[in-house]
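Undergrad: Please read through the structure below; I'll follow up with questions.
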Amino acid sequence: MNTNQRIITIGTICLIVGIISLLLQIGNIISLWISHSIQTREKSHPEVCNQSIITYENNTWVNQTYVNISNANIVAEQGVTSIILAGNSSLCPISGWAIYSKDNSIRIGSKGDIFVIREPFISCSHLECRTFFLTQGALLNDRHSNGTVKDRSPYRTLMSCPIGEAPSPYNSRFESVAWSASACHDGMGWLTIGISGPDNGAVAVLKYNGIITDTIKSWRNKILRTQESECVCINGSCFTIMTDGPSNGQASYKIFKMEKGRIIKSIELDAPNYHYEECSCYPDTGKVVCVCRDNWHASNRPWVSFDQNLDYQIGYICSGVFGDNPRSNDGKGNCGPVLSNGANGVKGFSFRYGNGVWIGRTKSISSRSGFEMIWDPNGWTETDSSFSMKQDIIALTDWSGYSGSFVQHPELTGMDCIRPCFWVELIRGQPKENTIWTSGSSISFCGVNSGTANWSWPDGADLPFTIDK
């Protein structure tokens, strides 16, 4: 092969290689264009589930799932479903109470950023249960916790966090400015009721899904107050009870019916010689049953039951097993107020089962210490003091406090009945202990028809804290 032939051959090979390279580049461009077109078309269609991109810089826990993080992770968000909580079922048959949650907030608060709180309560939607609480605008073991024994101040707010978690600035959601409160879920949204303002002119602010929907002005100008536990929702309507008037004499009591946070009906109870405060309410077969605190003159607890039209009945728990604190020793009951040692009181609850009643109460008859659940099979209608079952919750030597009811609807549990539950506040600090603050943790139990335990689940914090010394 002469020189010219070699030149022609090399040129031909280079031309062929160049053409192949050009074709590969064109193919690459076409491939990228097709891929981009497919992605663009996919983004133009509605997505089955929303996604959010979360970028982390270290290994961490997110929503109780361990994530090994070195780059961006795409997390699919669960769709939120809305239903109407019917509230038409009866209470589940139970034989005892299983522990459900314990937040240990005072123990954790000795070293962590934990709110100073009182009046915690629990309420459940069809998706979750949350702990609601009234903060003092202060943290434990901090100087602003000084003097938080005071009930009503402009710094108090209603907040909530997932049940069982210690309430802190990092896991809590603001709900309302309030020194008295209630909250409940109708299946579509959270209703919150927060009362704040001066004693002689307080206002209840109603919010639905965080938006103000209505207000209630104090009608007696004597410390308007509400349940300090969950309100009740049935078939899209929610119900609560409020009190206005003396804490040691005849006051005024009103039931309110609300839909999506707006008041559609209210009535005042005709209840002479009755005293209703801090009612613990629950749904049962389409009606509302409330068991309350008589701070005026009774050792037993008053109740009110009403339907969705607010037609009501009133009474006192007849049992000689008395539920208030302070109270008389168990003895002869009364279907009206038991007047012996009945002044003052504490928020509490009971669950009615026909003629029988589960009574939650402190173990002490004079101080807020200890807690027990007692089953009196005839206690709703009979006045004797016999009972058939007792379950220990808090030992007599440990502090308790307020207690109240909440329920889990069939839409949450998958059961065909409404599960009864209760919470107990474990108050620590002033006025019984040598601290500058008053706060509390909480435990909760739910009714089961299987084995349960007798024990004590106290707060357990070692006091005083550093700030107290």
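In case you wondered, yes, glycine gets a Cβ from its N, Cα and C as well.
Checked Swiss-Prot, it gives:
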type	residues	note
TOPO_DOM	1-6	topological domain 'Intravirion'
REGION	11-33	region 'Involved in apical transport and lipid raft association'
REGION	36-90	region 'Hypervariable stalk region'
CARBOHYD	Asn50	N-linked glycosylation site
CARBOHYD	Asn58	N-linked glycosylation site
CARBOHYD	Asn63	N-linked glycosylation site
CARBOHYD	Asn68	N-linked glycosylation site
CARBOHYD	Asn88	N-linked glycosylation site
REGION	91-469	region 'Head of neuraminidase'
BINDING	Arg118, Arg152, Glu277, Glu278, Arg293, Arg368	substrate binding site
CARBOHYD	Asn146	N-linked glycosylation site
CARBOHYD	Asn235	N-linked glycosylation site
BINDING	Asp294, Asp324, Asn344	Ca(2+) binding site
CARBOHYD	Asn454	N-linked glycosylation site
Undergrad: Which of these recorded positions is closest to Asp294 (Ca(2+) binding site) if you go by CA atoms: Asn88, Arg152, Glu277, Arg368?
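TA: When the Cα distances are compared, Glu277 comes out closest.
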Undergrad: Could you tell me the mean pLDDT over the topological domain 'Intravirion' (1-6), as a whole number?
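TA: Value for the topological domain 'Intravirion' (1-6), mean pLDDT as a whole number: 65.
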Undergrad: Cβ within 8 angstroms of the Cβ centroid of Asp294, Asp324, Asn344: which residues besides those meet this for the Ca(2+) site?
TA: His275, Arg293, Asn295, Trp296, His297, Ala298, Ser299, Arg301, Asn325, Pro326, Arg327, Gly342, Ala343, Gly345, Val346
Undergrad: Return the maximum Cα to Cα distance in Å (whole number) over the record's substrate-binding residues: Arg118, Arg152, Glu277, Glu278, Arg293, Arg368.
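TA: Greatest Cα separation within the listed binding residues comes to 20 Å.
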Undergrad: How many Å separate the Cα atoms of Asn235 (N-linked glycosylation site) and Asn146 (N-linked glycosylation site)?
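TA: Taking the Cα atoms only, Asn235 (N-linked glycosylation site) lies 44 Å from Asn146 (N-linked glycosylation site).
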Undergrad: Under 8 Å Cβ-Cβ from Arg293 (substrate binding site), six or more apart in the same chain: what's there?
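TA: Within the chain, Arg293 (substrate binding site) has Cβ neighbours under 8 Å at His275, Tyr276, Glu277, Glu278, Cys279, Arg301, Asp324, Gly345, Val346, Lys347, Gly348.
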Undergrad: Far apart in sequence but close in space: which same-chain residues, 6 or more away, have a Cβ under 8 Å from Asn88 (N-linked glycosylation site)?
TA: Ile234, Asn235, Thr285, Gly286
Undergrad: Taking only the recorded positions Asn146, Asn344, Asn454, which one has a CA atom nearest to the CA atom of Arg118 (substrate binding site)?
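TA: Looking at Cα distances from Arg118 (substrate binding site), the smallest one goes to Asn146.
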Undergrad: Return the residues near Asn344 (Ca(2+) binding site), defined as same-chain residues 6+ apart in sequence whose C-beta is under 8 angstroms from its C-beta, sorted by sequence, else 'none'.
TA: Asn295, Pro326
Undergrad: Taking every protein chain in this structure into account, which of the binding-site residues Arg118, Arg152, Arg368 has the most other Cβ atoms within 10 Å of its Cβ?
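TA: Compared across Arg118, Arg152, Arg368, the most Cβ atoms within 10 Å surround Arg118.
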Undergrad: List, in sequence order, the same-chain residues at least six positions removed whose CB sits under 8 Å from that of Asn454 (N-linked glycosylation site)?
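TA: The answer is Gln391, Asp392.
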Undergrad: According to DSSP, folded down to helix, strand and coil, what is Asn344 (Ca(2+) binding site)?
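TA: In three-state terms, Asn344 (Ca(2+) binding site) counts as coil.
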Undergrad: Given the binding-site residues Glu277, Glu278, Asp294, Asp324, and counting only Cβ atoms in the protein chains shown, which has the most within 10 Å of its Cβ?
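TA: Per the Cβ count within 10 Å, the most buried is Asp324.
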Undergrad: 10 Å Cβ neighbour count around Asn146 (N-linked glycosylation site)?
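TA: Within a 10 Å radius of the Cβ of Asn146 (N-linked glycosylation site) lie 15 other Cβ atoms.
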